[in-house]
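Peer 1: One structure coming up, written as structure tokens, with questions to follow.
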Number of protein chains: 6
Amino acid sequence: MFLHVQRMLNEIAPDEPDPAAANALQEGLGGQFGEMRTMMQYLFQSFNFRGPTGKPFRDLLYGIGTEEIGHVELIASTIAQLVDGSPRYQGNPSNLDEPGAGGATPLNIALSGGNIHHWLVGAQGALPVDAQGDPWTGKYVYDSGNLPLNLLYNLMLESTGRLQKCRLYEMTDNKTARSTIAYLIVRDQAHENSYAKALECLGVEWNKLLPIPKTNAEQFPEVKQLTDQGLQSKQYTFSLDQLSEAGRIIQGTSPSKDGTSMSMEQAPEGIPFPGIAVERPEEFGPGLDPDLMELVQATAEMEMQAESAPPQWGPANA
Amino acid sequence: MFLHVQRMLNEIAPDEPDPAAANALQEGLGGQFGEMRTMMQYLFQSFNFRGPTGKPFRDLLYGIGTEEIGHVELIASTIAQLVDGSPRYQGNPSNLDEPGAGGATPLNIALSGGNIHHWLVGAQGALPVDAQGDPWTGKYVYDSGNLPLNLLYNLMLESTGRLQKCRLYEMTDNKTARSTIAYLIVRDQAHENSYAKALECLGVEWNKLLPIPKTNAEQFPEVKQLTDQGLQSKQYTFSLDQLSEAGRIIQGTSPSKDGTSMSMEQAPEGIPFPGIAVERPEEFGPGLDPDLMELVQATAEMEMQAESAPPQWGPANA
Amino acid sequence: MFLHVQRMLNEIAPDEPDPAAANALQEGLGGQFGEMRTMMQYLFQSFNFRGPTGKPFRDLLYGIGTEEIGHVELIASTIAQLVDGSPRYQGNPSNLDEPGAGGATPLNIALSGGNIHHWLVGAQGALPVDAQGDPWTGKYVYDSGNLPLNLLYNLMLESTGRLQKCRLYEMTDNKTARSTIAYLIVRDQAHENSYAKALECLGVEWNKLLPIPKTNAEQFPEVKQLTDQGLQSKQYTFSLDQLSEAGRIIQGTSPSKDGTSMSMEQAPEGIPFPGIAVERPEEFGPGLDPDLMELVQATAEMEMQAESAPPQWGPANA
Amino acid sequence: MFLHVQRMLNEIAPDEPDPAAANALQEGLGGQFGEMRTMMQYLFQSFNFRGPTGKPFRDLLYGIGTEEIGHVELIASTIAQLVDGSPRYQGNPSNLDEPGAGGATPLNIALSGGNIHHWLVGAQGALPVDAQGDPWTGKYVYDSGNLPLNLLYNLMLESTGRLQKCRLYEMTDNKTARSTIAYLIVRDQAHENSYAKALECLGVEWNKLLPIPKTNAEQFPEVKQLTDQGLQSKQYTFSLDQLSEAGRIIQGTSPSKDGTSMSMEQAPEGIPFPGIAVERPEEFGPGLDPDLMELVQATAEMEMQAESAPPQWGPANA
Amino acid sequence: MFLHVQRMLNEIAPDEPDPAAANALQEGLGGQFGEMRTMMQYLFQSFNFRGPTGKPFRDLLYGIGTEEIGHVELIASTIAQLVDGSPRYQGNPSNLDEPGAGGATPLNIALSGGNIHHWLVGAQGALPVDAQGDPWTGKYVYDSGNLPLNLLYNLMLESTGRLQKCRLYEMTDNKTARSTIAYLIVRDQAHENSYAKALECLGVEWNKLLPIPKTNAEQFPEVKQLTDQGLQSKQYTFSLDQLSEAGRIIQGTSPSKDGTSMSMEQAPEGIPFPGIAVERPEEFGPGLDPDLMELVQATAEMEMQAESAPPQWGPANA
Amino acid sequence: MFLHVQRMLNEIAPDEPDPAAANALQEGLGGQFGEMRTMMQYLFQSFNFRGPTGKPFRDLLYGIGTEEIGHVELIASTIAQLVDGSPRYQGNPSNLDEPGAGGATPLNIALSGGNIHHWLVGAQGALPVDAQGDPWTGKYVYDSGNLPLNLLYNLMLESTGRLQKCRLYEMTDNKTARSTIAYLIVRDQAHENSYAKALECLGVEWNKLLPIPKTNAEQFPEVKQLTDQGLQSKQYTFSLDQLSEAGRIIQGTSPSKDGTSMSMEQAPEGIPFPGIAVERPEEFGPGLDPDLMELVQATAEMEMQAESAPPQWGPANA
């Protein structure tokens, strides 16, 4: 069972709308080596886990898989923020046939690059596709049922994800994009370290190979800020009860040989949710005319039952 | 940010392995109207939500979306349980060329129906595909950015999901399968009611139409047991903090006109996780030979750092 | 602009339900060389036609393309008839949990072969997929914009379609299936002849090659009955106005050298529509409970405005 | 059985070639909510229709499905017109290596945006793909076999189609594109009204919700011209015989509450076909060299047999 | 540039037709971890290779990639042999409507399992699809451009391929199938060893992990016969000139620690091609009627020009 | 069994990087009518060949299929050369956050057109996709098992491939691109001639139709240079032994009626391999840091075992 808090794993920096950067970031969301894939792959490996003595390995997979759902939330929200407002339409909402700034039609931007679906199918939001517009597919999920193979694949998967994110970093200097890219670079390295550690438990000695890729990502200032905090060597259980045993694996020196030690915590603090995005009349989104808005308002004024709910969840409360 | 507890949303009843039922259930997991789709659709609609006054609607989407992750966990675990042990191989693990019961080769069952990938690509576990073996695709996710359209689509989606699950119920009487099918039938109806309620807030009067489909599912005993508890009229926030406003929508009489009232709670109690599945040597899963097993054992005996973690998560603890 | 009459291009013979035959026939509907493909390919070649002097060629494409819509109707209706009633469920519609004949659950048949979607996603009807369950895709449509290449491709396409249908004929002796297979074999040959004739107009001499494949399909009695009527040498314009010039191409001896002459007519007579399929409670289809049925009945009793519509359409009436 | 007339459902306004607009319009042709999908969905729902008392509903589906074939023809022809001539190559047809206007190679335009397949795979014509170049797929077709669900889905489908077309309208002011977009906006609304009416027959009261989306499309002049004629409240049977009973459903006040009444007619008058597109030597289309052209000419001069065909089709003639 | 000899890499043992085994083997041909994938992946990594000092690594990739083309030939030929003759039709070739053995229609077998396309689309031959009938896709090919990552992926790929083939071995005891499965198990291990060796060159120490999976495949007699010959420790250049430097990598003790040493040779001897498959009239394959056969015969009797070609190819001859 | 030589079938001319041309060329590599498709189609037709008397036809298919592997190598290498260096990044490899020429981020080019995967997923190399980024799929492969149909399809396939390459020629004047395009135009025509010749053996008389398309490609200077050498009328066996009988078919006057005679040879001479591409630090490719480079160097200095391998392969050596 999964639960949610209205907190984001990392802060999304403010900057100008940038649909080209948004489109590139789609690879990190819905691409073959993106967050939807790592999330689904680790969750399926958790659901199908076999071998009772391997519980610490299953709990590790569950922990990283749960973190990845939050990564999907983070990168999708980043993409939405990058596309939102990109048409820069300032015209009269009640007369959309009137050209906007520059004399262009309100959604003219959609014709000139990136993914036209960002404006045509969605309403300036994220899509479950990659940077070429190809939809995410279940074919990406790898679960051979063989633990060493799964761990080897997961290590390769995180490394490739990090490689692509380092390339993404070099494609754009938009601050919104880079704040999330940098965070995911460091977390991918943390996951690479975790899987490498699990393979060390099975007898591999990495010597000079790790980390792969050798990007010296500390040269990227946003990355350096996070590695200085040792975020690449922390793993989280994201587990509300006391049952995760993943900490048995995640300890000792980092396989990346950067002088840090691996450690396990429950969850990061995160930051409060950003505000909800404004209306975009040129998208007919959310599409509430005055009549409907009045009905929504009536709902918002009702007494909220949930307010008397218990402050925290836990098996003890059940 | 999402968190996890090692509890299952509903109990998976014990019964014999049944790969044909497992394969049919794949539609409910990875099919066009299955749990992976509802999960992703509601999460994307949450991430991309637009219109600050509509917060109760966004929080409703977040709540149902989070529940659906748990549905994915429930149905995937059910499928894994149904496939696990299906070859009924009792031969000598160290001589897999020796025929098993009936003189058949150890994995002969894979050639005769269902999805051969259950034994060939996976190791008697769930796959992110539908009952025809087609992989889940991001093309399924609908998020038009227009709130009334999204709600209408979601209502149709839950109704179709329930229609398919009622058909699944009639395809098999395996108790493992039916326990999960029945639970999902009732929860789909709860979600249908929730979206119908949200549309009522926008002015629709359903009269005689709901519920769609009119399956009289109470004729199915496992379903009746749950509807007698009113589970079709409860919605959960699955929210750890006090911030969900979905309760402003989910109240009053049920749009399905079954005499119940809608209500909102934080989360169900769930049941403890079942044990981890045993080894299957004919699949080389998990594939730990004595040498590797010894290394795993060494890990399991280490001191677990996480044991001193705080008992519950909450922003107050941060 | 297209119009419709409630007449079927050929009679669908009655026989027992046969879902295995139905599934095989899906190749002829939604397969790479099936009717949806020929329909879409010829229509796109018509819409995109280039070269004013080639009007007879365009009109030929339009004529065959329009016929293919009727083929889609014919084969889809045949498949629906073959699947309909296949569960042979005679149980109590108001208690679907009660086993039917043989003690099996009402939809148990869905687990044992063919395409499970025939009962799970659809309600014992046709699907836009092939015999392996793969959905039809726009990638199948070939329109190079080069007329000789298009004609060569179309000839190959019809020949392959006929080859597959001859194989289908040998897979089943169900009369429902064979009546439609035989009709489509002969019409595919007619289209092969038409495209071969068009290529003769561009200078090819076929000599001994045609027809491809050389199936001696007259050995199949249902086919012989139709070739005896010369149906393999007739082409139709399916054009309501006087504007088709395809007759300039379709004349003279058949390229298949069977002693017949090609001829062009407006449209075949067809046969009246069969009755509408009955309810299937085990599918919740159409899913009208007594309340809804009453509402439908009320509609059926209203005065029908359309009854005073003009008996026939034509530009002269406009 | 289907028939054809060489008349277009609406006039395609002349304007400059505009491949970016053409590419955007592909969504309306081959996209998930485009005309190929509505056509196939309604036709499959018609072929598989179940429940004899529901004949007016089946006939409604047949009527709209047949209209959609004409929509496919209209929008494909519009796209072809928008792409045709876009390279603006004026060079010597017999020396294609000689640069054209601006010193660019003849097909240089293909490298700079939109869908390169418009020039490389096709010859400046329409493709069965969406605005991202993804091919149409049979997976789009929804037919649950449950009538209320089908109607609800169809209503949502038409509404989403209209939403996307309103966004398309705002992307371009090319008159060719807008003439077809405006027509389809109004017809989508007519279909939305028709399905909403059918659901009203099953007891839903729409109150303030319809139309969805609330685009106030009358602000678009081309749309206003058509709604002033009440085109959003007319439905057609497109039926040549007297057998359609859809008129029993389509009557009374419009569910969109715009003050109009719904009415049913046989078919619109349409307009004569535009001329056939000219040759494009840079595409080798149609690719008839002088030798082949002579052979085509010979065909065109033959006596056309079809000229003595009966002027109109009808069961009475049969 | 690639060349061919009419020799098969390993002997395909004779046995009865077995379409179920054939279908399972399709995973090894067209599946995500099959031979078409390894072939394409290594060839693309070769074509795109970057870094002049890494030539031995590129030459290793070229060598394995070229071997994989031969694996595609071997397994496709094995599948064709397993399907060929499966209908066991002994009826009159000139009267295919006459039932064959058991009173069944000639191709009745196609309706009962495996992949119907083996008889309907192909003519009892191999298809470029996996065991679920899904077509091979270019999405499978992994080439990150980062050498360590590519090597890690390739090691995982070969290991997964071997895991699946060990499972295939346990699914069937058909000798035709097992002869090819056993050979590919051993060659996959050879490739795993080669990539592990290449990673050792980059500093990894495998200790207890390899081989993955630990299948003790020597328990399979056909495998033992080949490992006794040390085939799991040999690599081939398949290079006709003296330019491959892969031997610099492939030497020393095997990373699988089975006591063997790695060695590099040019190419195995192989065995002469089997005879060409006989005609199957029930498939209309090859479809030469007496007239066409006579024309083919005339060709076969012509003087063959190629006979005076030089006996061997080599740059020296050029 | 297949072998390789480090020689390229044709010289790739030097010119500037040109990612737009590279992307267009992807159609010729991974498109529906590209080299991966012809290669796989002919190889599958060879593997599945049926009918012992038709050996010359099988050997023809094997010969062209083997040539196509070399075409894949040629066009992939051409694409890699066109993309390589396209970012024109001259910054400090150890500080990738420092802007390059023009102040742009190092991989900024990836955001502005073509296929972003060329820089993000691959490292400035070729991909197994078409010019729209769609992956190659096994669905493209046509093998009906009917020889005349296969030959007809292959003729059409080569003609369409050539049509697209003539269009590609007109899209770009980059010399690197045009050198390979021109070569493939001429070889496609050679293959068209070969299949047409094979069909002539079955009785077709092409008269005025061939070649299709009639592009007068001799107007393209790079093409003329090759046709002047008669390359369009030569076929190769690519066979190392004396067993190919394809020469029985490929002789006599060309079906394209250009005055040449068809002839059969073993293999072209080709040209030596170009050098290996340099490192691209902005892609982290190949990603060898000083430590790893040292290890690679150690490998390169080892004695190469293969040097004592026999100079040429041949059955006589076996």
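Even glycines carry a Cβ here, placed using N, Cα and C.
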Peer 1: Out of E:Glu16, E:Glu27, E:Glu35, E:Glu222, which does TrEMBL tie to the same Mn(2+) site as E:Glu68, E:His71, E:Glu158, E:His191?
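Peer 2: That Mn(2+) site, as TrEMBL gives it, pairs E:Glu68, E:His71, E:Glu158, E:His191 with E:Glu35.
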Peer 1: For E:Glu158 (Mn(2+) binding site) and E:Ser239 (Ca(2+) binding site), what Cα-Cα distance in Å is obtained after rounding to a whole number?
Peer 2: 22
Peer 1: Enumerate same-chain residues with a sequence separation of six or more from E:His191 (Mn(2+) binding site) and a Cβ-Cβ distance below 8 A; give 'none' if the list is empty.
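Peer 2: Those within reach of E:His191 (Mn(2+) binding site), by Cβ under 8 Å and sequence separation of 6 or more, are E:Thr38, E:Ile64, E:Asn154, E:Glu158, E:Gln235.
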Peer 1: Around the Mn(2+) site recorded as E:Glu35, E:Glu68, E:His71, E:Glu158, E:His191, what other same-chain residues have a C-beta within 8 angstroms of the site's C-beta center?
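Peer 2: Sorted by sequence, the hits are E:Thr38, E:Met39, E:Tyr42, E:Ile64, E:Glu67, E:Gly161, E:Leu184, E:Arg187, E:Asp188.
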Peer 1: For E:Ser239 (Ca(2+) binding site), just give me the three-state DSSP call.
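Peer 2: Where E:Ser239 (Ca(2+) binding site) sits, the three-state DSSP reduction gives strand.
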Peer 1: What subset of the binding-site residues E:Glu35, E:Glu68, E:His71, E:Glu158 has a Cβ sitting under 8 Å from a Cβ of chain F?
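Peer 2: Answer, by Cβ distance to chain F: none.
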Peer 1: Rounded to an integer, what is the Cα-Cα distance in Å between E:Asp59 (Ca(2+) binding site) and E:His71 (Mn(2+) binding site)?
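Peer 2: Their Cα atoms are separated by 18 Å.
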Peer 1: Please list, in sequence order, the residues in the chain of E:Glu68 (Mn(2+) binding site) that are at least six apart in sequence and whose C-beta is under 8 Å away from its C-beta.
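Peer 2: Correct list: E:Glu35, E:Thr38, E:Met39, E:Tyr42.
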Peer 1: Can you check what DSSP calls E:Asp59 (Ca(2+) binding site), collapsed to helix, strand or coil?
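Peer 2: DSSP assigns E:Asp59 (Ca(2+) binding site) to helix.
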Peer 1: Take the C-alpha atoms of E:Ser239 (Ca(2+) binding site) and E:His71 (Mn(2+) binding site) and report the distance between them in angstrom, rounded.
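Peer 2: One finds 16 Å between the Cα atoms of these residues.
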